[in-house]
Amino acid sequence: MKLFTLLLPALTSAHSLSTLLSTHPTLSTLHSLLKQFSLLDDFNTLANITVIAPTNQAYLDLANWGFNVSQIPAPVARALFQYHVLDGEWESESIIGKGKVVHTYLKPPVLTNVTAGAAVKLSSVDGTIMTESGLGVAGGVEDVNLRFDGGVLHTLNASMVLPHNITLTAQINGLGRFLELMNRAGVVAEFEGLKDVTVFVPHDDALEKADVGKMSKEQLASLLRGHVVPNRVLYGEVFGKKGGYKSSNGWEIHVGKTADGTLTVNGIKVVKEDVILYAGVAHVIDKVLVADRVEHKGDRSYLHLDAQKPLR
């Protein structure tokens, strides 16, 4: 815990968010930016919130990378700041292990297509509270549990990044093969236009094992739609409750959790959970979800995807 937290116990009592920002030695840049973009008064009226507050150094680091927040278009800046306001009060003691996916005050139609609000992952790693935002960008909390009238604030050593579409997210996360197949099947625009979506993305090695070379464009599109659950944002915490859902092509999708905590979809292991998207969430899986067989037009032969577990 930072020395500031220990030396200023008065800041644990009730006061406005504006007062907290103006008196904290590392938050003057955020305070100025919120005033510049006419958000400070709005944020002062909110209740039951958690503010993830990038420090002065975090904004300096951004500027050194060529991203000066004070110079970006106002709608984008406001969306970015709203993304740093979480729904509910999340003190550090409530964030354990993998933690939780929490919705923010960034709501549609601006720069998110998640009805409940764009999400952030909170976790605890070796005693440090961590955030994971769009594109998998991580940040570490410095000062924790600074109270104000509307809730609690944690300072962060980085600015969070807005969730992006599945195309850029797949590129950043090394899922280029899935993106390549999306382009080949002509479903990129379709997938990017979805709202409140869950996408199960096989990693590149899994897709390399799957013999999709003989599939027509239509068959490949159907296969990829089998990895998409529309109108349901299924974060990892949902898997423990188990449940059945329908994919975009009508396949049955069953999620669950094994005794050792491993998440599964139709019995296939999830190797990376809760990749935050502009329109929902993605999970990286260890195999391709397929039907028992896929009929080819013309010769009526069948394509089998090697080493894959069939859907039931």
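Each position is counted from 1, following the chain as shown.
Glycine residues also receive a Cβ, built from the backbone N, Cα and C atoms like all the rest.
What Swiss-Prot says about this one:
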- 17-160: domain 'FAS1 1' (DOMAIN)
- 162-289: domain 'FAS1 2' (DOMAIN)
- N48: N-linked glycosylation site (CARBOHYD)
- N68: N-linked glycosylation site (CARBOHYD)
- N113: N-linked glycosylation site (CARBOHYD)
- N157: N-linked glycosylation site (CARBOHYD)
- N165: N-linked glycosylation site (CARBOHYD)
- 1-16: signal peptide (SIGNAL)
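The glycosylation sites considered are N48, N113; of these, N48 has the fewest other C-beta atoms within 10 angstroms of its C-beta.
N113 (N-linked glycosylation site) falls within neither a helix nor a strand when secondary structure is assigned with DSSP, and so counts as coil.
Neighbour counts of Cβ atoms within 10 Å were taken for the glycosylation sites N68, N157, N165; the minimum is at N68. If you average pLDDT over the domain 'FAS1 1' (17-160) in this model, you get 97. Closest in space to N68 (N-linked glycosylation site), of the glycosylation sites given as N48, N157, N165, is N157, taking the CA atom of each residue. Separation of the C-alpha atoms of N48 (N-linked glycosylation site) and N157 (N-linked glycosylation site): 23 Å, rounded to the nearest whole number. Across the domain 'FAS1 1' (17-160), DSSP helix (H, G, I), strand (E, B) and coil residues number 50 helix, 39 strand, 55 coil. Under DSSP, residues within the domain 'FAS1 2' (162-289) fall into helix, strand and coil as 41 helix, 37 strand, 50 coil.
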